[in-house]
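Visitor: Pulled these from Swiss-Prot:
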- 3-206: domain 'ABC transporter' (DOMAIN)
- Gly35, Pro36, Asn37, Gly38, Ile39, Gly40, Lys41, Ser42: ATP binding site (BINDING)
Amino acid sequence: MVLSGKDLTAYRNEDVLFQGLSFCLFPQQLMTITGPNGIGKSTLLRIIAGLFKAAEGHVSLKDQEQIYPVATACHYLGPQNAMKPFLSVIDNLQFWSAFYGQPLHSPHEVLADIGLSDLEHVPFNVLSTGQKRRIAIARLLLSYRPVWILDEPISGIDSYAQTLLTNIFQYHLNQGGMIIAATHSPLGIPENHKITLEKFLPPQEKIQ
C-alpha cells in the first residue's frame with residue numbers, strides 16, 4: 001500500500017499556501033510536516049485526509065490491486081480533540097468505538113495504553129490539556145486504520161506522556177501503519193520523510 005500526493009496546490013482566499021508539493025509514503029514510514037504557524041500545515045493534512053480538496057493535484061492510496069479512499073483508511077487527529085466536553089472519558093471513547101465499528105481494542109484497554117485508566121469516569125472538560133490530548137490519541141487505538149494523520153499530536157504533553165505516545169506511534173509503524181504528522185516537536189522516532197512547507201511557497205514569497 002502506497003500513499004502519495006502529486007503536485008498539490010492549496011489557496012487561502014486568493015493567496016497560494018503551497019504549490020507543486022509531492023510525496024510518497026510506504027508502510028512503516030513516518031513523514032513530518034514543518035513550518036511556522038499559518039503556513040498551511042493543517043490545510044495540507046486535511047487535503048491528505050480527504051477533508052479538503054486541493055486546488056491542483058491529487059492524493060491517492062493504493063496497492064497493486066485497487067485504490068482506496070483515504071478518508072476511510074485513515075485516523076485524522078486535528079488541533080481540537082473531537083470529544084464531547086461534558087461526557088466522561090469512557091463515554092466519549094465508547095461513542096467513538098461504536099462510530100468506527102470493527103473494534104480492535106476496548107475503551108478500557110486504550111485508556112490503559114495511555115496510562116489514564118483512573119480517569120475513565122471524569123468529565124472530559126475537567127482534564128488538563130495534556131490529558132485531553134492523550135485521550136484523543138487513545139481514540140486512534142480503538143479501530144485499526146493504516147494511515148494516521150496527526151496535527152500537533154504531542155502539543156501540551158509532558159515528557160512522561162511523550163514516552164508513552166512515542167511507543168504507541170512506533171508500534172503502529174511496526175504493524176505496517178503510516179504516520180503523517182505536522183509538528184513543532186520531534187515525535188521521538190526516526191522520520192523517513194520531511195516536508196518543509198517554506199520550500200513550496202510561490203517564488204516571490206520565497207524571496208521575501
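Backbone N, Cα and C define each Cβ position, glycine as well.
Predicted, not measured: the structure shown is a model, and the values here were computed from it.
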Visitor: Quick check on the binding-site residues Gly35, Pro36: which one has the highest count of other Cβ atoms within 10 Å of its Cβ?
Guide: Gly35
Visitor: What is the set of residues, excluding Gly35, Pro36, Asn37, Gly38, Ile39, Gly40, Lys41, Ser42, whose C-beta falls within 8 angstroms of the centroid of the C-beta atoms at the ATP site?
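Guide: Here the nearby residues are Ala182, Leu197.
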Visitor: With the cut-off set at 10 Å between Cβ atoms, which of these binding-site residues ends up with the most neighbours? Options: Asn37, Ser42.
Guide: Ser42
Visitor: Among the binding-site residues listed here, Gly38, Gly40, which has the most company in the form of other Cβ atoms within 10 Å of its Cβ?
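Guide: The residue with the densest Cβ neighbourhood is Gly40.
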Visitor: Is it possible to get the count of other C-beta atoms within 10 angstroms of the C-beta of Ile39 (ATP binding site)?
Guide: 21
